[in-house]
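What TrEMBL records for this protein:
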- 18-106: domain 'Ig-like' (DOMAIN)
- 117-207: domain 'Ig-like' (DOMAIN)
- 240-328: domain 'Ig-like' (DOMAIN)
- 333-370: domain 'Ig-like' (DOMAIN)
- 378-465: domain 'Ig-like' (DOMAIN)
- 469-556: domain 'Ig-like' (DOMAIN)
- 571-666: domain 'Fibronectin type-III' (DOMAIN)
- 655-678: region 'Disordered' (REGION)
- 668-765: domain 'Fibronectin type-III' (DOMAIN)
- 770-866: domain 'Fibronectin type-III' (DOMAIN)
- 870-956: domain 'Fibronectin type-III' (DOMAIN)
- 1065-1086: transmembrane segment (TRANSMEM)
- 1095-1115: compositional bias 'Basic and acidic residues' (COMPBIAS)
- 1095-1196: region 'Disordered' (REGION)
- 1146-1162: compositional bias 'Acidic residues' (COMPBIAS)
- 1173-1183: compositional bias 'Basic and acidic residues' (COMPBIAS)
Amino acid sequence: MCCSRLLCGVIMFLPQPPTITHQSPKDYIVDPRENIVIHCEAKGKPHPSFSWTRNGMHLDIDKDPKVLMKPHSGTLVMDIGGGERAEAYEGVYQCSAHNELGTAVSNSIIIRQSRSPLWSKERISPIIAQKGQSLILHCRPPAGLPPPIIFWMDNNFQRLPQSRRVSQALNGDLYFSNVQPEDSRSDYICYARFPHTQTIQQKQPISVRVLDMDSLNDTLADYFNDTDLFSDKPTEERAPVFMVPSESVSSKMVLRGEVLEMECVADGLPTPAVSWVKHNGEIPSGRASFLNFNKTLRITDVSEVDAGEYRCIAKNRHGSVQHTIRVTVNAAPYWISAPRNLVLAPKEMGIITCRAAGHPKPSIRWLVNGLPIQAEPPRVLTLPNIVYQVIMNKPALLECVTFGSPVPTITWFKDSRSSMLEGNAYVFHENGTLEIHMSHPSNSGKYTCVARNSLGLSENHVYLEVKEPTRILRPPEYRVVQRNRDVVFECKAKHDPSLVPTMTWLKDDRELPDDERFRVDSDSLTITDVTESDAGRYTCIMNTTLDQDSASAQLTVVGECLCATPSQPGVPTDLELTDQEARSIQLTWIPGDEHNSPIKKFLIQYEDALHQSGVWHNLTEVPGTKTTAHLKLSPYVHYSFRVLALNEVGFSRPSMPSRQYRTSPAAPDENPTEVKGHGTEHNNLVITWKPLTPLQANGPGLQYKVMWRQQDMEKDWTSVSVANVSKFVVSGTPTFVPYEVSVQAVNDYGPGPKPSAVIGYSGEDFPSAAPGDVRVLVLNSTLAEVRWSPVSPESVRGRLQGYKRSLHRHNSHHGKQRTEIFSPNKTSGKLPDLLPYSVYSLEVTAFNSRGEGPSSVPQRFETPEGIPGTPSFFKVSALDLDSLTLEWGPPHERNGRLSGYTFKYQTEELDLPSNQSSFTLHNLPHSTRYKFYISARTQRGAGPTLTEEAVTVLDRALSVTPAFGNVSSSVSEDGALISWEYWGPEKHLYVEYIIDNSKNPAYWQKEKVNGSQFHVLKGLKKGLAYKVRVVARGHDDRAVHHSEELLVKVPAMVSPQVDIATQGWFIGLMSAIALLILILLIICFIKRNKGGKYPVKEKEDAHGDPEIQPMKEDDITFGEYSDEDHKPLKGSRTPSSGTVKRDGSDDSLVDYGDSGDTEFNEDGSFIGQYSGRSDRDARHDSSEPPSPVNAMNSFV
């Protein structure tokens, strides 16, 4: 601090309120054999007086002659040397220092007397334990203040040896994970040392006797005629179990800054090893230590990051157990920003900051002179009507400093009190300040801050103005000007109209020369009569009160000849070496012509004629304004230098090389890098490094001194010197042990710096042990879980890379093994994608970088049955008109013992035995489509279904209604006109034709018909005969119906023909024939209604049509019929027996002629039923099937 003598004197004599300078600790434990001294020192002007409170009440020092206060101090001295008891002065003390300016209060100091009580008398019976059992020897020391320090010793005051098996817990008890005969002794003594009184007390000795049941039985059998008196079996080895803590989960709370201690002691045989991990985190390496043979985890200076779940894990070869400790870190209040003293002038504002943290969050209260601050309504201390100005897109901070008790809450409003400001655009700081992230013109306006507490409110108004930023729109540009000419630099800028701008020009970052040739206008700089000294960089700066913007340009002055186009600079010349030192030199040169473009920089290169003659390397760069460079050099190099100049066009040609400069050799300045140590065999260590370059060698005779020693085992280094190599192999090393290795560079002029050592490991060997206790748990038919015990670290003989699981399926044709890798910290894993009903063998091996160790004992397990796969094939064939034969094969993946097959079609479901592979369905309806489903079954259920579709063959005894009629043809000059009548539902009609007696009778050409019942075939060859037919096709392009084939002959010369259809006499004749046919139909219908019979059926039965073509098995369309084969289809629903009953009557489809119109779908299927029923239908309603419903082209 710096001040004038007068000011310092004023401060020295300025009155000051008291300040506590020294006080006793908050928790003060006193020795009852010594006087009690409670410190309290303070400063102030005038010097303060002191008073004390005890347990919140005023302490009258004059009433107790044994209590004294030191002069000019607040320190209390309590004389207890006359036999007074120290516990009479226990309590909570607090010191106050007063002067006329105020009061300072010390911390609350708790006075307690240290105590070292005696051990209670007790009789301890001898303890008899069986070998291998766990044991706890309880100490239970008397409660002292502070707590005593516990240790176990024998009668000779020798500490009892402790190990992983025998250890002392934090509570002082002695724990045995398993007792052994050598633990038998009669002098287990627990000692308690009380630090304040420096006294030691002991517990009664404990006698422990360990029995070995095997040897005891053998001894007694000799005396009692081989009688086994102790039938108890010897204690068997067992998996670990925690002795402390006893439960699986525990919790622990610790204060911030204190020490956290957690312990886990396990029972087990052999003795378990304990390890610690932190869930979702890491144990702090710098503050954590593992004590008591890894059973205790100790973390110092605890902070909030140490909270979480810690797990201790105890393992031996029979298993493992873990315990979770949930740690919560609380914090007593601590200062983030402690209050600081203030010196203020009258009416001056001051702020005392008090920021504290803790967990739970502490409450803060203020006191004045030791008394609480009285409640006060809020006040806004920020001056009213302040105008804040900010540049657009910049943050704005509006202050609202308040005072009040309780602390007021701050709310902000804009323009009016109608809506409170909120949202992500605003940040409300704890001190009341309002922050706007990105200011926009819409943020301009009046802002009101309102402070509220329980006693009232106060408000203040401020204003925000958002200004446009200052921007240079047209910056100055690079100029090349001839000497004695004028040059103008323009600089046009834009700014907020309400701000006053100022334009400033600089030359080479300095003020412009005081020369009348430089004229500054509002937006330009003019230089008249330019000289060479005017060349340089000119910068214009546009300033406002809130921001600024700048831009620069270069001025180059040339001679009388002003070249229009710049080119590469000239070659630098006259290279000179000066100031020659061992490791540096000065290089100067003369630059070449700039060629109308200023030189930006010079590049300096060097050649090492000793190591790489003819190769130039970049050394350094210097700005274009310099012609000198100070170069750093390396020893043992034959340097030559050259310089290249660079302008905006490019580099110049290199200069002529300088004279050669040779630096003297020296010892190496550095050692090889990337030093590593690793093993390639189980008994070697390979040390590798990155060799030095010739430039780094610094001299001739470069060698490498390779040094190594076994870490923590060998004190002396072993070394060897090698040259021209980058590795060295150390043989005969132990397997996988750490070594310290280093490599030092040495040449003829000495060694390099002392190398740092790195840690490397000798080679690994194959693991010597297999994972134990391999167990397989089958979860379902395709999934199992495997568990194993980890291998011991000693058997790994290297760094454990993981575990490899090998799975072999017996009776597999492939013979392949499945392998899977697990990380080294895993001791279990899943076995997915197993095949049901299979036998597997599983082996687990540990592996390191060398390879795999021995395999574990093969574990054989079986997977249960699963559902089978789909049958291997499924096909349907038609043997006759009303039968279908189904054939299938067993599944490739049976996944168990097949119990049968499930067969479904329509509403029927059949269960078939597993040895059946075919089945025939009889008495099926004709012309019916079926969809069949078949699946295989095991005891676990049915597998996936395989489907197949089939259609029964058309009955030859039934007739089909023709779809085409009146097919005719006529030939004209335009082509062959084919006409027809069509009654079918299909919309896709084609006219197909082929040359008569064609060599390829299957190749019919076709032309599509567009919705009419006639079509003209064009392009037929004259003099040839064609077979022509009309075909109706379904959506799958299969032929559903086709007409009879016509033979159309195309004459060589076609004579003109008269269209008979246009003649009047023909039209009249056709009308008369149609009227006659209508009358005949009416008469037939009348006769039918009177019981007459239309003898169609007799004709059909008498004249069987041999030309009916059966349906093909692989075609779902119906057979084709000749023109004479116009017979209706007759059918019925299938009875539940699965057979079709043939109707022996002579009824024909005339019986159904009275029904209404029959509709068709686009696919040709019927819609609905025949609505009419004949008298015969009514008479046979009970025995006959219902009227046919879409028997043709139907799907079941």
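Quick reminder: no glycine exception, Cβ is built from N, Cα and C everywhere.
Note: TrEMBL annotation is automatic and uncurated.
With a cut-off of 8 Å on Cβ pairs spaced 6 or more residues apart, the domain 'Ig-like' (469-556) and the domain 'Fibronectin type-III' (571-666) reach 3 or more such pairs and are scored as touching.
With respect to Cβ pairs under 8 Å, the domain 'Fibronectin type-III' (770-866) is most closely packed against 240-328, considering the stretches 18-106, 117-207, 240-328, 333-370. Helix first, then strand, then coil: DSSP counts for the domain 'Ig-like' (378-465) stand at 3 helix, 48 strand, 37 coil.
Within the chain, the domain 'Ig-like' (333-370) has long-range Cβ neighbours (under 8 A, six or more residues past its boundaries) at 11, 14, 19, 96, 98, 102-105, 256-257, 304, 381, 401, 405. Helix, strand and coil counts under DSSP for the domain 'Fibronectin type-III' (571-666) come to 0 helix, 50 strand, 46 coil.
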